[in-house]
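Please read the structure below before turning to the comments.
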Amino acid sequence: MVGAGGIGCELLKTLALSGFPDIHIIDMDTIEVSNLNRQFLFRQSHVGQSKAKVARDAVLKFRPHINITPYHANVKDPEFNVDFFKQFNVVLNGLDNLDARRHVNRLCLAANVPLVESGTTGFLGQVTIHVKGRTECYECQPKPAPKTYPVCTITSTPSKFVHCVVWAKDLLFAKLFGDKNQGNDLNVRSSDGASSSENVEDVFERRKDEDIDQYGRKIFDHVFGYNIELALSNEETWKNRNRPKPIYSKDVLSDDLAQQNGNLEKNCVCDDELSVSAMTSLGMKNPQDIWSLRENSKIFLEALRLFFTKREKEIGNLGFDKDDQLAVEFVTAAANIRAASFGIPLHSLFEAKGIAGNIVHAVATTNAVIAGLIVIEAIKVLQNDIESCRMTYCLEHPSRNMLLMPVEPFEPNKSCYVCSETPLSLEINTNRSKLKDFVEKIVKAKLGMNLPLIMCASNLLYEAGDVEDDMIAIYEANLEKVLAELPSPVTGGTMLIVEDMQQEFVCSINIKHREEFDEEKEPDGMVLSGWTQPVSATENKDKSVGNGASTSDAVVTAVESEKDEEISIVSTLKKRKLPDETDISSATAEEVKHQKQLEVIDDEDDLVMLDGDLDSFKKRRLS
């Protein structure tokens, strides 16, 4: 087992009760308070301890005669190599991120061990089976990628509340409390911004003699007032848009009220820094209330004050954490004030936290159902009955009187670069792009390699991991060179071999030189072909969702609506085969034609929507 979280707890219990005698479980996480409502093997006293070890101890209390080996470690650690995976009959995933899933998929392929994948989000869930040479691997089809927004939309022309949350979290919070040396687009304004560069450069630096309340008001007036006025000076931008309204602290709060904001320390007595709360200071209790502009302004100033008075040592190293109450309060207030400026509806702290933290509220029952389905498929694998294996989708509402929709596994995708070793093609400017760009943007980000080795012909250009000291300096120097100037030049027509020794995964990349790229559509400055590119959220949203008789159509509509406001949720489109029409006596031809299916790719995380005209589905039997 990989993962001892929401699915993992249910899975370990079900495996033990089903008679599995020898189970190994890997999880790098420790138990948090927020886990306790659904990860039933854990208790309050276990907070801070290893999930894998506590889960083992809990299960052994009612099944003391089985063998459970826990590993409090990252599955990507070197010790969990191909030889480690070869000792198992089947691998069961209950992971919560795409990168680890891809890593386990490749190790299972290399070790020739069947993999059972799973995921849940709310009432939706899925179990898929992956057997080398018999079914598609986990990477045969596109997977969602984090949703991104153009910087200009976030900094200048927000139209949705999610834009305001991204601005508050990734720009303003990072600017005030994060690493000062990191680049930040918060001050990138209009073309005449240079004339006010002095103001822009100095405003976020707090002077030694500057009162915290004065500093708070200065920040408020700069980001919600001055910057908006500066944006308004570009008339061209607002020809077809609603003009935002600058907001200054004096217009929202009286001087007396602002001073009162700075004298509430007696209301905030917290030993735990993560429990410091502006809401508590101001006597506000319900996180589901939608605050007024005045209340948001008070929260903004109070949260800023508390960071500088109660948590000053952390400033400069802080990153947003959805479990950090003060951080969530600050981001919620800042996002709401900005939303008010741009005429966007305000949201509660509960809603803003869900958006900022990409939270999909978990349902314990879904995890239990999915865990049971995993065990059913694992038993089929152990009996070598691959023909009977099914991918199963758990729906929110019955479709054709079924909540569980079984689908035959698919054949391997012949163009999959992971399990079919199909060469890839990369368009890149070999005279401008450095080897470092290739490693970070392609090899690691898109191909998911952890310890890559890059070869051109018989020459080794780069190697990560355990490298001899005399080679480290050479590889680091190569990283800073443009591709065409490497010791073995990489130009148009060059074939690169990229390998991850830990994953025992190799792929070939044919280089095509290209001079120019569209900065908005191709921000990486390079385009990889043959790699399964995720479908953008915008493209998927444009696909119509019918209002046919099938109840699952309504589910898709509702889920898509919920997901629309989340930051790193991207839907992707993929055709899937349903059972034969002849097997569905209760379904009309029209219902079948418009049937939608759901695929969840992460445990309590992302949702993939599978949409397509079933008339075009071709039946693919496994040999």
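Residue positions begin at 1 at the first shown residue.
Note: Cβ is positioned from N, Cα and C throughout, glycine not excepted.
Remember, TrEMBL labels are computer predictions, not curated facts.
Annotated domain 'THIF-type NAD/FAD binding fold' per TrEMBL: 1-416, in sequence order.
The feature ATP binding site is assigned by TrEMBL to 3-8, ASP27, 35-38, LYS51, 96-101.
According to TrEMBL, the Zn(2+) binding site annotation covers CYS137, CYS140, CYS416, CYS419.
Taking Cβ-Cβ distances under 8 Å and a sequence separation of 6 or more, CYS152 (active site, glycyl thioester intermediate) has no neighbours in its chain. TrEMBL lists CYS152 with the feature active site, glycyl thioester intermediate.
As a summary of secondary structure, the domain 'Ubiquitin-activating enzyme SCCH' (310-353) carries 26 helix, 0 strand, 18 coil according to DSSP. For 310-353, the entry in TrEMBL reads domain 'Ubiquitin-activating enzyme SCCH'.
Marked as domain 'Ubiquitin/SUMO-activating enzyme ubiquitin-like' by TrEMBL: 426-517.
The region 'Disordered' annotation in TrEMBL covers 577-597.
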Practice task
May I ask for the distance between ASP96 (ATP binding site) and CYS137 (Zn(2+) binding site), taken between their Cα atoms and rounded to an integer number of Å?
Solution key: 18
Fill in the blank from the handout: Sequence-distant contacts of the domain 'Ubiquitin-activating enzyme SCCH' (310-353), meaning Cβ under 8 Å and at least 6 residues beyond its ends, amount to 32, 34, 158-161, 164-165, 167-170, 172-174, 176-180, 220, 223-224, 228, 242, 244-247, 268, 270, 273-279, 287-291, 293, 296-297, 299-300, 303-304, 359
Practice task
Pop the Cα-Cα gap between ASN37 (ATP binding site) and CYS416 (Zn(2+) binding site) into the table, whole Å please.
Solution key: 39
Fill in the blank from the handout: Residues lining the Zn(2+) site besides CYS137, CYS140, CYS416, CYS419 (CB within 8 A of their CB center) are LEU109, GLU136, TYR138, GLU139, PRO412, ASN413, VAL418, SER420
Handout entry: Whole-number Å value for how far CYS137 (Zn(2+) binding site) lies from ASP27 (ATP binding site) (Cα to Cα)
Key = 22
Practice task
Compute the average pLDDT of the predicted model within the domain 'Ubiquitin/SUMO-activating enzyme ubiquitin-like' (426-517).
Solution key: 90
Handout entry: Pairwise Cα distance for CYS419 (Zn(2+) binding site)/GLY3 (ATP binding site) [Å, integer]
Key = 24
Fill in the blank from the handout: Looking only at the binding-site residues GLY3, GLY6, ASN37, CYS140 (Zn(2+) binding site) has its closest CA neighbour at GLY3
